[in-house]
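Record features (TrEMBL):
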type: DOMAIN; residues: 98-204; note: domain 'Amidohydrolase 3'
Amino acid sequence: MRNIASIIKEKYHLTDDEMDRFEAEQRALAERWSTPNRQSIAAMCQARHITLASHDDATYAHVRESHLMGSVIAEFPTTFEAAQASRQHGMNVLMGAPNIVRGGSHSGNVAAHKLAELGLLDILSSDYYPASLLDAAFRVADDANNTFTLPQAICLVTLNPARALRLDDRGVIAQGKRADLVLAHHKDDHVHIDHVWRQGKRVF
C-alpha cells in the first residue's frame, strides 16, 4: 500500500492529510461495492464458462478469496506468499514478460525471475509491452538460476496459457491444431522474428 500511496501522492500532488482522506474514501467505496460487484461478475463468467483471473493478490487471504470466486489464474501476484498460495490452490501463476526483461517489477513487487527460480512461474503475458513476450521466454531459458529448458520456457507463452484458457486448439505443434507458428532466432541477446504463420498461412 505504501508504494501505491507514494505514486498517487506524487501524481496528484496530494498532501499527507489529503492522501489519508483519499485512502479512507477509497476504502469506504470498496467496502460498499467491491465484494458484491466481484461476486456478480464472477458468477456471470462462470455461467458462461469464461476463465477467471485474479489480479495483484498480495496475501494468502487474497488468494483464498480469489480461488473461492473461481479464479484459475493468478495474474501478477505481488509477493512470494501470494505466488506460493496460488500454486497451493491449483492456480496458474502468471507474470508479466516485461518484468523478466527488466529484471524486476517496475512497482517494487516480486520479481518474475525469482518466481521462476522457485518453480512458481506458469505463464508469461505481454502486459504493456507485446514485444517482450518471446524475448522473456528466451531469457528464462538462458537463466542458469532456474531449471527451465527452452521448450519449457516457450510453454510459458504458448501451451500453458492456452490450457489455462481452455483453448484446446492451439499452444502446441501437433496434428489437428491451429498451426500458429513463429520462426525466430536468438542473436546478440535479442530475439529476431523471421516468419509468422497463422492457422498454417504465412502472414509475415
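Each residue's number is its place along the chain shown, starting with 1.
Keep in mind that glycine also has a Cβ here, set from the backbone N, Cα and C atoms.
Keep in mind that TrEMBL annotations are predicted by a computer and have not been checked by a curator.
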Mean per-residue pLDDT computed across the domain 'Amidohydrolase 3' (98-204): 96
Per-state residue totals over the domain 'Amidohydrolase 3' (98-204) - DSSP helix, strand, coil: 34 helix, 21 strand, 52 coil
